[in-house]
């Protein structure tokens, strides 16, 4: 049981997909200007990432491995992810057109979000079973959403700050992201505790 | 006290500085050289001037009549001659001008015929109207027309009537002295309000640093045998804010989004009750008020001042010190420096403070906010001023509204405690007026859009009607062709060919006019329609004629004069021919 | 035109607030100096100078008035917190690096006073412990007595960093001992060693912590801080430490040890209470304090660093804007709906 | 053989996913575009056509489609551009024209010949009058679009900036005494 907990905590905090693995920075910088958008993006990515890890595990284990077609992993994963993203976009377009508009290009770009492809591949590299894969996927997604939302909260506040001209916008956001990563280093070693 | 008092959160205790102006009794300020009476002295519509330059007026004579229900009349403060009705600088932080009636006193101070009324013989509506005619407005500073607050909510029973004698702002003592010296009339005025609102309880709240006023009020209440409760409330700024006093006395909290009557409570200032009583029992409209003149002066004192008295002249009575460099209207927490010493005393002027750097040292420069939260602890409305400041500063007005900026009463507690010396209230006023301006723009845009869409609809309808007409014409043409063909066939078939040909020509001739139709049935229908249209037009014309004279009847003398002038100008320019001036049909349907 | 209303102002200023914070640190500093010698005073001076210089340079670059902002005292408070959290005999350049990083990156790039989302002093600590883990773990051995000149020489790098510096904080010592012993030693046995662990939590260190507590209480009494953050911080620390201690006293130290060791007291009263980077709503402050206390415990006991206060505070700084948004108190007249 | 198998599996995947997406596209079909309304709410509704579209709504539709820039509306000013950028997540661009203070049209009553041409040109019905009668502008309804200027045969219409009075006066931004770079919205 604690094994699963460690996977989950590890994925959310210790090996946070954005701040420690430095994956998925594109939406992290792109859709963190407003808290509202960050909630939407977090939810969308969580859904896609969890679905993608589950689907890719099934594809890998029941379609590719039996036939020795592991070399098709990246290709088939991307196709699956693209389909899931497309589906998500349709649902969002139906339920919240404003969110769709504000997420803009970043919504379809979840397809090429390296976190979404990276997590299923890491699952395979770590040799996780189905439940572990799902946990790792969900944990990574929650970790992504968490830092995205916290980052958006900070950015909304920085927007009113008197930042020196040359550091306004993305520059100060990058610095903030760096300091966030520094803070997350505090979790280092938590998953190794016996 | 026997009563259970409530507390409001926050509040501050600035030095009260009240004793200076309490030493002397109320004095009558002498007639000034000139009275400048602004027409717009209350919340709501700007009263319309009913006098013009050269008119002789008597004290208490109507000079501006209320425009709409939320508006209060304005009266001549003394007898004299109207010099002009013109724009003059206002006691307003903008320093802008507004319409004023300027009166030169004749020195006789002669009243118009005053008619005391027995209000108990009148209906509540008549009493309210009388108060509006007398120009009675809230004298605590908000100048909301009093009659507008004297209607109880239809759904919520009126539990408490709160009378505000707290006077929490430092330096101001006019209500204190009013209660000390004229308690009886104040209590009688409260009685009027009570009779109109029918509350279960009447609570008179007075800060506990005014024991004499409270004693005087108690004595007056006892003498008149009224069941009013005089309650001493703890001295804590802004306990005299209507919402705070209501909270302290009743425990009810009135948010910005609600009226106090919705919670079964209403609040009036003691001075308002006094003027209401003077208006009803003596027939005296509001032409003067008590003003505390204090600050950097030799003899701080309360004066009974005519509305319209230039502030500079009033200040001279109290012998300002030579280093006086400005006049603050209102208290030191919420007042403002008037733009010019010429500005007149208005109904909202409760206090003039001679400003000097000795009295109010210049502020240290503004530092950044350190989010220490002192403002949030001081805020009597439990807002987060530092957050509102952060977003006001960044001009992110949507966010300021999320932090309830419109619940801010601008009491100044936050600015008072701020260690960074940030003029927080200024930021909030800025944000509020920007939001209001945006709201105005948005409403204007919505109206414009609606009218544009209506115009488009109209254009389309006109186009459609035209198209229909054309289509009908085309149909007629086709029918005609068919008839021709039929005629031709008939001509070929029958020996009376020339007759048929003649008939065909006839058809052709009638088809030449657009109105022509092929068959008699359609023709009849068309005729009926035409008749209906003609009838409608006749009706419309009759209506227009019936209406038009009425309009000109209602024109005021001024308007009629203006119209005549315009007409004359236009004739001079040969732009219109009076002979042709028949009422033409409106060019568009918008006047419908 | 004159300044707007209110014309009366309470007698308060930012520099007075900061001065009072510095004053409140004095009892802790006194105990510290008594424990490790006057070196800590030298470090305070080095850090203050570095902070003021860095601040002045940044203000000059941005064209802001120097005098007003240097006098506000915020840079000095940051500098003192850095000096007090770094090892007392750390080389001067380490302290300077940390301080300059704190002032330039964590504070001035965000617009300076009042606008930094992270606590600058804790950023300095985190950066240095990540970049120079060895130097940041060299604490003077227990009972080390060096003369002032020797101490200054060590700080300035003129004398070799003596073996006597191979000591560790009681927290670190405990952690290392437990790890090395791999279950063969119990916490109770370790704590019995009064040379290291003193009466409660570390010889001498417990008195430094008591000094901070004293200063903190004074700040609370002066209304510079509210009770929320320290209470929540200490409460959370006591609850989690107490729970685990009751569960297994051999493996987990008692709550008192955790309260009086490491940066607990300094963190609870001086660092987590920083209003700029922390929460501002009453409920937000409680969450912030409790979160910081909990994370500090988790990181110092289960994580890879000797103490967790710095990271805990930084992590809570991250959450502060969102916590504030979610814990807005109901306003006057709107309490029924909330 | 291997290749064939790979192709077959990928084809199978394509068919399954394609079917799922096809189903979803029917199930989650979106009708109309609520975004247009949001954009229109930001536009100032002057209906002036300075953007090159006949009215605010067509421009809003074009923006929603992504066909045109968001900086074509001079009456909306930079503020309007910023709001649109915020709503749509696009970059703020400088306005494609000069920003003018708000104006309203005034008809010189002495010169007006009552031709009704301006009435027909006014998109928001802010001019009243009848043939051969003097026309006048209902000031609060005028959006300052200037569309009535060109049709007037006697050039009796002029534009006047709206002056500040006590009713529309706004509190100013407090004077910041610290010398600092002007605040801008961080991009």
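Keep in mind that glycine also has a Cβ here, set from the backbone N, Cα and C atoms.
Listed in TrEMBL for this protein:
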type     : residues  : note
TRANSMEM : C:31-54   : transmembrane segment
TRANSMEM : C:66-86   : transmembrane segment
TRANSMEM : C:92-110  : transmembrane segment
TRANSMEM : C:122-139 : transmembrane segment
MOD_RES  : C:169     : FMN phosphoryl threonine
TRANSMEM : C:227-246 : transmembrane segment
TRANSMEM : C:252-272 : transmembrane segment
TRANSMEM : C:284-303 : transmembrane segment
TRANSMEM : C:309-327 : transmembrane segment
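For the transmembrane segment (C:252-272), same-chain residues at least 6 beyond its ends with a Cβ under 8 Å from one of its own Cβ atoms are 21, 24-25, 28, 81, 84-85, 119, 121-122, 169-171, 174, 187, 191, 197, 200-202, 205-206, 209-210, 212-213, 215-217, 219-220, 225, 229-230, 233-234, 237-238, 241-242, 244-245, 278, 288-289, 292-293, 296-297, 300-301, 306-310, 312-313, 316. Among residues of the same chain six or more beyond the transmembrane segment (C:284-303), those with a C-beta under 8 A of the stretch's C-beta atoms are 171, 175, 226, 228-237, 240-241, 244, 252, 258, 262-264, 267-268, 272, 278, 309, 311-313, 315-316, 319-320, 323-324, 326-327.
Counting Cβ pairs closer than 8 Å and at least 6 residues apart in sequence, the transmembrane segment (C:122-139) and the transmembrane segment (C:227-246) reach fewer than three and form no contact. Within the chain, the transmembrane segment (C:66-86) has long-range Cβ neighbours (under 8 A, six or more residues past its boundaries) at 14-15, 17-19, 21-22, 25, 28-29, 32, 40, 43-44, 46-48, 50-52, 54-56, 59-60, 94-95, 98-99, 102-103, 107, 112-113, 120-122, 124-125, 128, 136, 263, 266, 270-271, 310.
Sequence-distant contacts of the transmembrane segment (C:227-246) (same chain, six or more residues past either end, CB-CB distance under 8 Å): 216, 220, 252-255, 257-259, 264, 267-269, 272-273, 278, 282, 285-294, 296-298, 301. Within its own chain, the transmembrane segment (C:92-110) has Cβ neighbours under 8 Å at 43, 46-47, 50-51, 54-55, 58-59, 62, 75, 78-79, 82-83, 86, 116-121, 123-125, 127-128, 132, 135-136, 155-157, counting only residues six or more beyond its boundaries.
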